[in-house]
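Participant: Structure below; questions to follow.
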Amino acid sequence: MRLLIMGAPGAGKGTQAVGIATHYGVPAISTGDMFRDNVKNGTPLGKQVDAIMKAGDFVPDELTEQIVADRLDQPDAQGGFLLDGFPRTMHQVDALDDYLDKHGHSLDAVISLDVDPEDLIARLLKRAELEGRADDNEETIRHRMEVYTSSTAPLLDAYKSRGLLVAVDGNGTVDEVGARIAAAVDAKVGR
Ligand code: ADP
């Protein structure tokens, strides 16, 4: 099973990604988590992306694509994966297509997690209190929303025209939304 999960900042991608990946027995691969781990551990990559992430901007495509390719090359991702937070630009879509083509693979479904826009900011501000993520302050949140709308939301149309999009209502409890995603993906892939 090769899946993507997309959604605005605060839509709950990360939380749902873990549950869905477990459900299908594939690793959840989050670019945001990989970058945050590098920042936390002070690696050269972490030093390169720290300021970019704090500002809510995108890490450069080539760098992000390389990190994802390296991760997808790992043994645990050979039977499938759920990518969370990638692709975020058309350039990244093309890079992922090239990678999958080269390996004779293709995507099974692209989950779009849709949450009412008014709820997103409230969720992120609450997460800021609970987790203290460096990019969860009001100014950066607003910027990440704009970047999502202008750069990433258009990718949904691209996947929709390929017949891959599975749009799921992301409003509700974690369990409700998780059950909805599993049902929608099962229906899509014919399980
Ligand atoms: P959210 O969706 O809540 O903004 P993520 O954890 O997915 O959070 O991403 C956090 C940050 O990591 C992004 O704002 C960006 O700086 C960086 N990042 C994650 N994925 C990508 C990507 N595919 N391309 C570029 N930058 C990325």
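Note: Cβ is positioned from N, Cα and C throughout, glycine not excepted.
Note: TrEMBL annotation is automatic and uncurated.
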Participant: Taking TrEMBL at its word that Gly10, Ala11, Gly12, Lys13, Gly14, Thr15, Gly172 bind ATP, choose the one of Arg71, Arg88, Arg127 listed for that site.
Facilitator: Arg127
Participant: For the AMP site that TrEMBL lists with Thr31, Arg36, Asp57, Phe58, Val59, Gly85, Phe86, Pro87, Arg88, Gln92, Arg133, give the additional residue from the candidates Arg123, Arg142, Arg144.
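Facilitator: The one candidate that TrEMBL places in that AMP site: Arg144.
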Participant: Does any of Ala11, Gly12, Thr15, Arg127, Arg133, Gly172 have a Cβ within less than 6 Å of an atom of ligand 1? These are the binding-site residues; tell me which, or none.
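Facilitator: Correct list: empty, so none.
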Participant: Which one, from the binding-site residues Ala11, Val59, has the smallest tally of other C-beta atoms lying within 10 Å of its C-beta?
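Facilitator: Output over binding-site residues Ala11, Val59: least Cβ neighbours within 10 Å is Val59.
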Participant: Six or more residues beyond either end and a Cβ under 8 Å away: which residues meet both conditions relative to the region 'NMP' (30-59)?
Facilitator: 14, 17, 67-68, 71, 83-86, 88-89, 133-135, 140-141, 143-144, 147, 151
Participant: Taking the Cβ of Phe86 (AMP binding site) as the reference point, list residues of the same chain whose Cβ is under 8 angstroms away and which are at least six residues distant in sequence.
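Facilitator: Expected: Leu4, Ile29, Thr31, Thr64, Val68, Gln92, Leu96.
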Participant: Measuring Cα to Cα, how far is Arg133 (AMP binding site) from Gly10 (ATP binding site) in Å?
Facilitator: 12
